[in-house]
Amino acid sequence: MTPTLPVRTLLRRMSTEVSSTRPRLEELRARLALEDRRAGVSGNGAAAAATAPSPPDLATPTDSRRLDAYQHVQKPPWLQVRPAGDHFSYSSYERLRTTLRGLNLHTVCEEAKCPNIGECWGGGTATIMLMGDTCTRGCRFCHIKTSRTPPPLDVNEPAHVSDAIAQWGLHYVVLTSVDRDDLPDGGARHFAETVLALKRKQPELLVETLTPDFGGDLDGVRQVVASGVDVFAHNVETVQRLQRVVRDRRAGYAQSLRVLEHAKRGCGREYDLLTKSSVMLGVGEHRAEIHQTMQDLLDAGVEVLTLGQYLRPTKRHLKVEEWVHPEEFEEWRREGERMGFLYVASGPLVRSSYRAGEFYIQSMLRQRRGAAQTQEAGMGR
């Protein structure tokens, strides 16, 4: 009988196995290197800096390299991006857009005015936004339109999403959604049905869900995790002190941490589920607060972290306080790795569903899936 390994031992072994596959990913990473440098991205998949920067000085509230956004109104050079149609694969961009329009699907790329839309769509990657284009919450950083009474759910949306993904021939897809506080379950069942539809059509497809907090209902979290999702993501968005400034009053720091911890540790999938969160910088946070947020996320079981610059979508939205220098993002990446995150993507234009870590995460997930199957086979003997 094959001995059953403790969870922590198994996860450490899986992490080591993933590391051994890294040489095979170099060709894939090279395809992203140009985009990474242009976006100022730092991550495990990007080239290491020639000179290792010092760790963040937590005793100093802010980094001296940051630019005061009130004095420097124009975006700094490192935040310049190419227009959506000016990328290496315009045909992929057009094909993806045509498919979305034909199936009446929405993407967070468009609705939230993501700066990386040209790069991701040109590479055949999009983040599908479920449950319509109208949110019941009004976070001050977000460009998505809001209403207390959004339109009813499209019952055909799960089928339409699975059809679209099949047409694109993707191996990895990201699903997100608006908040739907008007629904009894916050839309958790709709989320789960979409994942199930995707898995039925493409069993090997890797699915990441970037979910709302479902009003703190942990049963909603369980439904999504039980659907077979591979990556469960939920964004804490900012440090604890600025939650009420940045997010809708119905969201909360502790509530978001509970959602993430329950997904990882409370749904019986600690072996193979990857958990992820994201933090925006440049809204007035201090360095010690960033570090504490990272530690809180680790304590909640989060394994993948993204850090990016907040960009104000319109003059009606929350103002940018500071432009964070790419070198500071690099320091936070290194600090995150030192603290124990399995993967950290950190750069001015990095967003929670940014594709820079896609290939590394795919490899990690496939290693975990194989290890979990081996574990189950051993337990069945």
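Heads up, the Cβ atoms here are built off N, Cα and C, so glycines get one too.
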Looking at 24-43, 44-63, 304-323, which stretch does TrEMBL describe as region 'Disordered'?
44-63
Here the binding-site residues are CYS139, CYS142; the one whose Cβ sees the most other Cβ atoms within 10 Å is CYS142
Neighbour tally for CYS135 ([4Fe-4S] cluster 2 binding site), based on other Cβ positions within 10 Å of its Cβ
23
